[in-house]
Structures are given as C-alpha cells and as structure tokens.
Amino acid sequence: MNTNAPNPPTLGTADGGGPEIKVNVSHGPSHHEVHLPPQSTFGDLKKLLVHKTGLEPEQQRLFFRGIEKDDKQHLHQEGVKDKSKLLLLEVAASKEKKLEEARKQNEMSKASEAVAGVRAEVDKLSNRVSTLEASINGGNKASEKEFLVLTELLMKQLLKLDTIEAEGEAKLQRKAEVRRVQSLVDTLDSLKARNANPFSSGDNGVKITTQWETFDSEMGNSNAPPSTSSSTKVTEDWERFD
C-alpha cells in the first residue's frame with residue numbers, strides 16, 4: 001500500500017487546483033457556501049466572501065469555534081474541514097461608517113425635498129414678478145401693496161431656505177435657490193423705484209413744477225423774486241445783449 005498517495009478530494013477537484021472543501025459562513029440572517037482548497041488562508045476566504053457579502057476583507061471578522069482567526073492562518077491547520085461552519089461579523093467601525101453614510105444620505109434626501117418644495121413656491125412668485133414687470137414696462141402703474149406682498153412672500157421662502165440643513169448636492173441646490181430669491185427681490189426693488197419715479201409717467205411736468213414751487217416757498221420771498229419780475233428781468237437782459 002502506497003502511504004504517500006494523496007488523500008482523495010472531498011468535493012472533487014478544481015481545474016488543476018487540487019481538492020476543495022465546502023465551508024458554511026453565517027453572516028447575520030444570511031448563509032454562504034464557499035468552495036476553496038483547505039490549504040487556503042482565512043484571508044483567502046475573506047476575498048471570496050467580498051462578492052457574496054459586499055464587505056471588503058478589512059471589514060470582515062471571521063470566527064471558527066468561537067475564536068477570531070487571523071488572515072494569515074491556514075484553514076486546515078486550524079481544524080477547518082469540509083462542511084465546517086464559520087461566523088462572519090462586520091467590523092464595528094465599518095458598520096458605524098455605513099450607518100453614518102446612510103444617515104447623511106437620508107438627510108440629503110430630505111433636504112433636497114425641502115429645497116424642491118421652496119423652489120415650487122418661488123416659481124409661482126417668479127411668474128407674478130414677471131407679470132408685474134411686463135405691466136410696468138407697458139406703462140401701467142402698480143399699487144404699493146403688490147410690491148409689499150411679493151417681497152414678504154419671497155422673504156418667507158428665504159427664511160425657509162435658511163432653516164434647511166444641507167450637505168453636498170442639496171447644499172448647492174439650496175445656495176442656487178437663495179440666489180434666485182435674492183435676484184427676484186432685487187428685481188422688485190428696481191420695479192418699485194420705476195413705479196414711483198415721477199419721470200415714468202405722463203404727469204412729469206406737473207410733479208416737477210410742484211416740487212420746484214415747494215422749494216421756492218421754503219426759500220421765502222426775500223430770496224426768490226416774483227415770477228413776473230423774473231420774466232421782466234430776463235427780457236431786459238436779452239435787450240441789453242441785443
């Protein structure tokens with residue numbers, strides 16, 4: 001009898017890779033079957049578990065018979081055989097990191113939804129500002145109340161944006177919306193000034209005359225000669241020039 005003959009494969013042979021064993025790895029509620037040579041290390045086993053668990057090798061902790069195994073230890077030397085059961089746990093820091101990433105993603109999603117809600121309201125207000133601008137450009141007058149109401153509504157949206165805590169893409173969305181609201185407020189200020197500008201309507205002459213008459217009355221008669229005297233003086237000056 002040849003005592004040097006190799007042991008027969010337990011599960012068959014890989015393509016030129018020698019005998020393999022099957023190990024069962026428990027990971028939470030999941031169970032994974034892995035086929036590999038018994039001379040493999042626990043580090044090798046971790047690499048095969050990456051595509052099954054989604055965990056990188058450094059995120060894995062492998063236990064056999066209640067003892068955590070080092071990556072450089074060999075399966076067969078630690079007593080792992082065909083159909084042996086191992087336990088896989090995720091590194092605590094990795095799990096915490098995933099939870100933190102999930103939390104941030106959830107917050108970002110909520111922030112984006114909040115910004116989208118403000119954007120919808122600002123769209124409506126933007127349309128009202130555009131309508132008001134078209135009216136003023138057409139020579140019409142608007143009430144002061146219209147400017148006041150629109151400005152207050154825009155400022156409310158600005159306050160809503162200020163209360164939204166956002167990171168990443170959501171933060172950029174919020175910043176863009178803040179700029180849009182500020183731009184609309186600036187437009188309203190400009191339109192309000194044009195609406196109140198005496199030069200923007202047909203009664204400019206009356207307004208200017210009234211302003212100058214007020215100015216003259218404040219100066220007093222001693223500093224400003226009567227209009228008839230001024231007219232006479234201008235005539236005399238022109239006669240001298242001729």
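Here the Cβ of each residue, glycine as well, is placed from N, Cα and C on the backbone.
Not measured: the values here are computed from a predicted model.
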Quiz item: From 48-91, 92-135, which range did TrEMBL mark with coiled coil?
Solution: 92-135
Quiz item: Where DSSP helix means H, G or I and strand means E or B, what are the helix, strand and coil counts for the domain 'Ubiquitin-like' (19-89)?
Solution: 18 helix, 29 strand, 24 coil
